[in-house]
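Per Swiss-Prot, the features are:
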| type | residues | note |
| --- | --- | --- |
| BINDING | G14, P15, T16, A17, S18, G19, K20, T21 | ATP binding site |
| BINDING | T16, A17, S18, G19, K20, T21 | substrate binding site |
| REGION | 39-42 | region 'Interaction with substrate tRNA' |
| REGION | 163-167 | region 'Interaction with substrate tRNA' |
| SITE | T105 | site 'Interaction with substrate tRNA' |
| SITE | R127 | site 'Interaction with substrate tRNA' |
Amino acid sequence: MPQPMSPPAIFLMGPTASGKTDLAVELVRRLPCEIISVDSALVYRGMDIGTAKPGPEILAEAPHRLIDILDPAEAYSAARFREDALAAMAEIAAAGRVPLLVGGTMLYFRALEFGLDRLPEADPEVRAQIEAEAAASGWEAIHARLAAVDPPSAARIHPNDPQRLQRALEVYLLTGRPLSAFHGGADASTLPYRLLRLALIPADRAALRERIARRFDQMLELGLIHEVETLYRREDLNPSLPAIRAVGYRQAWAYLAGEMDFETMRSKAIIATGQLAKRQLTWLRSYPGIEVLEMEQLDPAAVVARVRAHLEAARAGAGP
């Protein structure tokens, strides 16, 4: 729980392609902030183009913590992110700077602020039962079953994501509690920081979809297929790994495997990215205490002023 003289921290949240990085860099230029990435794909090395990872020039000006920390063969979790982010926040605050947490992995934000209950270990029998049902009825039927018992998890997990669907339903079958109840079930912050929660949200969904399509085409021009081909050649990687299941990567992988042609791959990747943005916005709408920044009318100078006021209030020990 934050105390009157708790150090300040900033959350900058938003869907994919909403302009979070540009705004974060502007804040770093103007204020004593240091960026911590809140993104489940940016943690992976060798996955730069398809994740829209900031380039060397941006990173030189505004270093990001928690990017390029894992090999794509490794898995990352909300629990590990929370541990890593708390350590980074403490280091930044101890240096007299302000943690600026930027990203679109909303589960990570919730885990960081509200904590995580201990999840049950995997159960081979339950997993086999779910896999048998999926083999008989399809993963869409598993998704529908999950939606009946855990609507929030079903809203954020795509029907074509068997790994996460299986885990979410497994947790419910083992505990009688939905997975979403473990992910920060309370809305009382556990962080010892005075938080300002900013959310970039589009007023026009169609405009965001257009930005997503343009950005994916830019990724293709920059060499996304070659980047994924480098991963595809590795014998230790496969499409069931979390890194390869990232939006854009799984479609490019399927294209390289001969499962679809180029235009189908492009179309599916753009649609999947739009679906990701929709899920991110669903999470944002239910996130407590956010201040909405309208994406199309964004005034960076006004955001800098708002953050500066938050930092001054924190130093003075004034109210939130």
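Every residue, even glycine, has its Cβ placed from backbone N, Cα and C.
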Cβ density check for T21 (ATP binding site), other Cβ within 10 Å (all protein chains) comes to 21
Per DSSP (three-state), T16 (ATP binding site) is coil
Among P15, S18, K20, i.e. the binding-site residues, the one with its Cα nearest that of R127 (site 'Interaction with substrate tRNA') is P15
Whole-Å Cα distance, K20 (ATP binding site) to T105 (site 'Interaction with substrate tRNA'), is 12
Other than T16, A17, S18, G19, K20, T21, the chain contributes near substrate (Cβ within 8 Å of their centroid) the residues G14, P15, D22, A52, G104, L200
Within the same chain, the residues at least 6 apart in sequence whose Cβ is under 8 angstroms from that of P15 (ATP binding site) are G104, L200, I201, P202, L208, L276, A277, K278, Q280, L281, L284
The answer, for which of the recorded positions T16, S18, T105 has its Cβ ringed by the most other Cβ atoms inside 10 Å, is S18
Sparsest Cβ environment (other Cβ within 10 Å) among binding-site residues G14, G19 belongs to G19
If you tally other C-beta atoms within 10 angstroms for each of the recorded positions K20, R127, the top scorer is K20
The region 'Interaction with substrate tRNA' (39-42) resolves under DSSP into 0 helix, 0 strand, 4 coil
